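These come from TrEMBL:
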BINDING   Cys120, Cys122, Cys130  Zn(2+) binding site
ACT_SITE  Lys203  active site, schiff-base intermediate with substrate
BINDING   Arg213, Arg225  5-aminolevulinate 1 binding site
BINDING   Glu241  Mg(2+) binding site
ACT_SITE  Lys256  active site, schiff-base intermediate with substrate
BINDING   Ser282, Tyr321  5-aminolevulinate 2 binding site
Amino acid sequence: MSFPIVRHRRLRRTAAIRSMVRENVLHVEDLIQPIFVAHGSGIKNEISSMPGVYHFSLDTLKPEVDEIAALGIPAVLLFGIPESKDEVGSSGFDEQGIVQEATRLIKSWYPDLMVIADTCLCEFTDHGHCGMVHTYEREGQLCGDVMNDESLELLARTAVSQAKAGADIIAPSNMMDGFVQAIRSALDEEGFEHIPIMSYSVKYASAFYGPFREAADSAPQFGDRKTYQMDPANSREALREAETDVLEGADMLMVKPGLAYLDIVRQLRDQFDLPLVVYNVSGEYSMVKAASMQGWIDEKAIVMEKLTGMKRAGADMIITYFSKQAAGWLRQR
Ligand code: PBG
């Protein structure tokens, strides 16, 4: 009988040797925890489609941030639920806006915790679109076009007000053309040339954002986001989006969602040298939570496997609602 010449199993025989040859390791430093901050007081409401994720008002926020900081998670990503919404999303660039106030508070508690501000209009506009909308009626139906260049000024104002409040990183998620350049020059003009832009470079028009839209109360009131977010069928276009952001001065690139788009993460990793972020979005969280609450899957094993898979695909950082849990599990290792 002839023996196999190559034996892969030699390097898998014990836990010790497996750990020596392991190629990708998830670290707590890779994790970014999103937080939803809501106007009001005494609020700690669980988002029904995202068990374990809450809306916090400013007076209930401290224990959550304490926990994140104690776990060693380096950064939070803030989303705001404002008191009021209007056509242009002015509560998004209000100096006393909910994201601005939360930023100031968190920085006062933990100066070293990085605060990343999501820069978009959809949480703050009454129509729920990520930019300014020109509305009209067609056959009795309300319709609207999202205006690109008109939106840029509002987004730039939002970013500047977030930086003024103390945000360490600006993360624009609006998918207008030219947003990195517009935000970069506005930040520079106001003396924030040192604040990096984490661009949601490749953001698909995805059904995986469903639970987030409940969480952020940001579903579009008419139409959809397909005229600005990308078609899930495309990958060459993703490279063009990323290239544009690089040319406009982005400091980090992002791919969103994660799981169904890890081929895109790999392509960006191979083509660009900037730090790469993957957003493990709300729907990806809800699916795992639902199945694990039914007892159908092993939550910890699944979460660690998928986060490690994102690193293997090329991610340097992962935005995930599982950050706190994953950080806890990493400690037990
Ligand atoms: C805002 C924004 C969205 C998400 C992050 N920023 C929603 C959207 O584009 O509709 C989704 C995040 C998630 O699903 O976890 N534009």
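Glycine residues also receive a Cβ, built from the backbone N, Cα and C atoms like all the rest.
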Fill in: Cα-to-Cα gap, Ser282 (5-aminolevulinate 2 binding site) vs Arg213 (5-aminolevulinate 1 binding site), nearest whole Å
9
Worksheet item: Expressed to the nearest Å, what is the distance separating Cys120 (Zn(2+) binding site) and Lys203 (active site, schiff-base intermediate with substrate) at their Cα atoms?
Response: 13
Practice prompt. Have a look at the recorded positions Lys203, Glu241, Lys256 and say which one has the shortest Cα distance to Cys122 (Zn(2+) binding site).
Written response: Lys203
Practice prompt. Under 6 Å from ligand 1 by C-beta, which of these recorded positions make it: Lys203, Glu241, Lys256, Tyr321? Sequence order, please.
Written response: none
Fill in: Set of same-chain residues at least 6 away whose C-beta sits under 8 angstroms from the residue listed as 'Mg(2+) binding site'
Ser201, Val202, Met230
Worksheet item: Cys130 (Zn(2+) binding site): which of the recorded positions Lys203, Arg213, Arg225, Lys256, Tyr321 is the nearest Cα neighbour?
Response: Arg225
Worksheet item: Where does Lys256 (active site, schiff-base intermediate with substrate) sit in DSSP terms: helix, strand, or coil?
Response: strand
Item to complete: May I ask which of the recorded positions Arg213, Arg225, Lys256, Tyr321 is closest to Lys203 (active site, schiff-base intermediate with substrate) if we compare their C-alpha atoms?
Response: Lys256
Worksheet item: Once the DSSP letters are reduced so that anything not helix or strand counts as coil, what is Ser282 (5-aminolevulinate 2 binding site)?
Response: helix
Worksheet, complete the sentence: Whole-Å Cα distance, Tyr321 (5-aminolevulinate 2 binding site) to Arg225 (5-aminolevulinate 1 binding site), is 23
Practice prompt. Work through the recorded positions one by one (Lys203, Arg213, Arg225, Lys256) and point out the residue whose CB has the fewest other CB atoms within 10 angstroms.
Written response: Arg213
Worksheet entry | Cβ-centroid neighbourhood (8 Å) of the Zn(2+) site, Cys120, Cys122, Cys130 excluded | Gly89, Leu121, Glu123, Thr125, His129, Gly131, Ser173, Asn174, Ser218
Practice prompt. Would you kindly give the Cα-Cα distance separating Lys256 (active site, schiff-base intermediate with substrate) and Arg213 (5-aminolevulinate 1 binding site), rounded to the nearest Å?
Written response: 15
Worksheet item: Where does Cys122 (Zn(2+) binding site) sit in the DSSP three-state scheme?
Response: coil
Item to complete: Mind giving me a neighbour count for Cys130 (Zn(2+) binding site)? Other Cβ atoms within 10 Å of its Cβ, every protein chain shown.
Response: 27
